[in-house]
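So TrEMBL lists the following for this protein:
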TRANSMEM  B:17-34  transmembrane segment
TRANSMEM  B:40-65  transmembrane segment
TRANSMEM  B:77-97  transmembrane segment
TRANSMEM  B:103-131  transmembrane segment
TRANSMEM  B:143-166  transmembrane segment
TRANSMEM  B:186-207  transmembrane segment
TRANSMEM  B:236-258  transmembrane segment
TRANSMEM  B:270-299  transmembrane segment
TRANSMEM  B:306-325  transmembrane segment
Amino acid sequence: MTDLLKLSAVHTHIGRYHILQGIDLAVPQGQVTMLLGRNGAGKTTTLRTIMGLWQASRGEITLAGMRIESLATPDIARLGVGYVPESMAVFSDLTVKENLVLAARDGPLDDTQLDWIFGFFPALRRFWLSRAGSLSGGQKQMLSIARAIIEPRKLLLIDEPTKGLAPAIVMALIECLKEIKRKGATILLVEQNFFAARELGDNVLVMDNGTIVHRGEMAALAADVPLQERLLGLSLEAHQ
Amino acid sequence: MTDLAATDPLPKPKRDLAPILLPVALALLMIPLIGSTSSWLTLTAASLAMGMMIFIMASGLTLVFGLMDVLNFGHGAFIAVGAYVATLVLAPFAASIQADLLWMNLAVLAPAALLSMAVSGALGLVVERVLILPVYGQHLKQILMTTGGLIVAEQTLYALWGPQIIPMPLPASLRGSFILGDVAIARYRVLAMLIGLTVFIAIQLVLNRTKLGLLIRAGVENREMVEALGYRIRRLFLGVFMTGSALAGLGGVMWALYREQVHASMSDDLTVLIFIVVIIGGLGSIGGCFIGAILVAMVANYGGFLVPKLALVSNILLMVAILMWRPRGLYAVTSR
């Protein structure tokens, strides 16, 4: 399996804080790689650095063999990277339709793709002409993910999509992400919900203090309770 | 957390009408205070005309503020440059301007206004590239750079045109008033209202009916996410900055005709009013800017008539009152 995304010895500073301290990671093509870790470990910073929202101060980032660490965010997005931030960042003043029209950068909305998305998130069809700001938290998350997949992307960077959502919505999101995975998407997914992580992840990276402290298969971590407790301070079983 | 299922009815978004009703309420409140209906109508028409001119000048600035968080204290330079450039066209055609034929007046005025917009827009391009690009994200430096730019622009105008005030008489067909009963409404004010409304409608159409407008509205709200979707917002900002500069140039021409004079520091007082409008309207909000401009003009006109001694501080009091009611302005569209 070739690696679509690689980070080699990446450092990121935010102001005087040294957040990422030499990250090495690889995201294989067509697989879901989970990025786990305690709060403040550097997971969101990793995604933002890949996306160019924070500039790496040292190190190399390659996407499909191309160096991207010095590219601007729009250029990285145009290489086929979709980003779903932790804050969802839907445009509240715009309607659901307008949010998706903006996300479909390369042309008009594709009806087939829209129908596929509506299959998972029927609320988006229903509230098509409503302002995104009037949607509930779960619906905003649906819109945020729909925005990232409205056009084919090489790589999806998704930051804690299940955070703060009701269990029913979490299940719908997991099913959606599974379907995206079945279609061959490559995903780097930050997640605190271990049930979701186990359901979706092929591989896992665990971060602590701005470095990768564990890498391996998700199934192996899911089966190793002592390792979970050592790396994450708690076990998957406790979250089921 | 609570969440809506797909079948639940979505709460209808409430239309926030209070800011729209504010100028209406203020105008109605003034009727008994002013006493004379004809005076009230004249003052109201003057307020609307003045408000439209301020709106034209402020609309670009509010988008620049909202979209890129840039404090452009040099916005007034575009106003003065616009007015001076118009004199280049109007002076040689003074005879056509003084002819009492509307078409002949407009045949000179329209190219003068277009040239002013083009030059102000081009100046906007230079200012953004030279003064603002190096100081994105640094408010203090933005203030220093743009204030310095304003001083340089004013002194350049003095050097080129001299320190004297240049008269800019109204075209003959725009002099005088429309008489409705015992109410007189200056013709030029009616034209200013029409132009202001046209600009407002045009901006609203672009913002609400085009993808470019969607990008601007989205960028005002969250420019980082717009970039993450693959759009180069810096280019968009440059376009907005140039358009805003061009509109300031148009406003400068209209204001100079209103005052019938041009001088290099003509924008000094206006800049204060424009910043008040942008702040009370809500950074980045065109609707808020429109209402804010009308409110500022109403307070200036009604206040000047009723309590002349308070005229100088009336708009500051208005800003304080609005910000106490809505700390992020009439229509908050950014989180700033």
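Cβ coordinates come from backbone N, Cα and C, glycine included.
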Check the transmembrane segment (B:77-97) against each of B:40-65, B:103-131, B:306-325 and return whichever range has the most CB pairs under 8 Å.
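The stretch with the most close Cβ contacts to the transmembrane segment (B:77-97) is B:103-131.
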Let me spell it out: take the transmembrane segment (B:306-325), skip the flanking residues so only those 6+ beyond its ends count, and list any with a Cβ under 8 Å from a Cβ in it.
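For the transmembrane segment (B:306-325), the sequence-distant neighbours (Cβ-Cβ under 8 Å, at least 6 residues beyond its ends) are 30, 33-34, 272-273, 276, 279-280, 292, 295-296, 299-300.
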Using a cut-off of under 8 Å between C-beta atoms, tell me which stretch among B:17-34, B:40-65, B:236-258 contacts the transmembrane segment (B:186-207) the most.
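Comparing B:17-34, B:40-65, B:236-258 against the transmembrane segment (B:186-207), the winner is B:40-65.
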Count the Cβ pairs between the transmembrane segment (B:103-131) and the transmembrane segment (B:40-65) that lie under 8 angstroms and are 6 or more residues apart in sequence, then report whether there are at least 3.
no
Looking at the stretches B:17-34, B:40-65, B:143-166, B:236-258, which one shares the most CB pairs under 8 Å with the transmembrane segment (B:270-299)?
B:40-65
Establish whether the number of Cβ pairs under 8 Å between the transmembrane segment (B:236-258) and the transmembrane segment (B:17-34) reaches at least three, counting only pairs separated by 6 or more residues.
no
Give the nonlocal contacts of the transmembrane segment (B:17-34) in its own chain as ranges (CB under 8 Å, at least six residues past its ends).
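Result: 40, 43-44, 47, 287-288, 291, 294-295, 298-299, 302, 305-306, 326, 330-331.
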